[in-house]
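Visitor: Structure provided below as structure tokens; questions to follow.
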Amino acid sequence: MIDQKIQDLFDNAKKIVFLTGAGVSTASGIPDYRSKNGLYTNDKSDKPAEYYLSADCLRDEPKVFYQYEKSNMYYPDAKPNVIHEKQAAFTQKRDAVVVTQNIDSLYRKAGTKHLVEFHGNLYNVYCQKCRKKVDYREYLKSMYHRNCGGILRPDIVLYGEGLNPSAISQSIKAVSEADLIVIVGTSMRVYPFAGLIDYRTNHATVLAVNEEQLSFSFPFTMIKENAVDFFDDLKVNA
Ligand SMILES: [Zn+2]
């Protein structure tokens, strides 16, 4: 059961922002590639997994990059879970924004109305040569653009690449306007995403929902609970 004081915070908030990461999607069967059981540490090759998600790899070994993405990153059949669904409902019924590090498209599938995909979206694929958008299903069949022979790529932020300026400005706006900031499925340790919290105002309340205790350099309320259970119980009151 959710503490009434916590439910009240959601009910009374004027603007809510959810800052989220891989932990939100693990309940949908998508591995957290930075966690113990994630891709990074299961990688048995001689290069760190970050390499396979880098601009260098895409440029120097596009076939290797493609194989890695295709075999490890795509879960087209994954479905949103209650965390995505409740947050999506907040964006539909209330003044709320989701800013996520996830590239798995599950917030879109859940119908999130106000969404910032900070690191892009795997299912937006385009051709590096002619710049046309291509259906991701075509990409999963071939790394080459059927029309022009160019090499396709997902529209995600690779290591060594800059963020989308529009994603940065939308995220900063959402955080700076929020009076309730809810951190879910992320330990907020990876920059630049982690730096978003610095744009909060001093009247904003910060909640973190996580099974294990998190520690931050700013004041916050820790809800030490599985996020699936928490969002299952949380009511989205209009
Ligand atoms: Zn092309």
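Keep in mind that glycine also has a Cβ here, set from the backbone N, Cα and C atoms.
For reference, TrEMBL lists these features for the protein:
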DOMAIN    1-238  domain 'Deacetylase sirtuin-type'
ACT_SITE  HIS119  active site, proton acceptor
BINDING   CYS127, CYS130, HIS145, CYS148  Zn(2+) binding site
Visitor: Among CYS127, CYS130, CYS148, the binding-site residues in question, whose Cβ has the most other Cβ atoms within 10 Å in this structure?
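Guide: The largest 10 Å Cβ neighbour count belongs to CYS127.
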Visitor: Report the residues of the chain - excluding CYS127, CYS130, HIS145, CYS148 - with C-beta within 8 Å of the mean position of the site's C-beta atoms, for the recorded Zn(2+) site, in sequence order.
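Guide: Here the non-site neighbours turn out to be GLN128, LYS129, ARG131, LYS132, VAL134, ASN147, GLY149, GLY150, LEU152.
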Visitor: In sequence order, which same-chain residues at least six apart have a C-beta under 8 angstroms from HIS145 (Zn(2+) binding site)?
Guide: CYS127, LYS129, CYS130, LYS132, VAL134, ILE151, LEU152
Visitor: Please report the distance from the Cα of CYS148 (Zn(2+) binding site) to the Cα of the residue listed as 'active site, proton acceptor', rounded to the nearest angstrom.
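Guide: CYS148 (Zn(2+) binding site) and the residue listed as 'active site, proton acceptor' have their Cα atoms 27 Å apart.
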Visitor: Mind giving me a neighbour count for the residue listed as 'active site, proton acceptor'? Other Cβ atoms within 10 Å of its Cβ, every protein chain shown.
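Guide: Other Cβ atoms found within 10 Å: 20.
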Visitor: Looking only at the domain 'Deacetylase sirtuin-type' (1-238), what is the model's average confidence as pLDDT?
Guide: 93
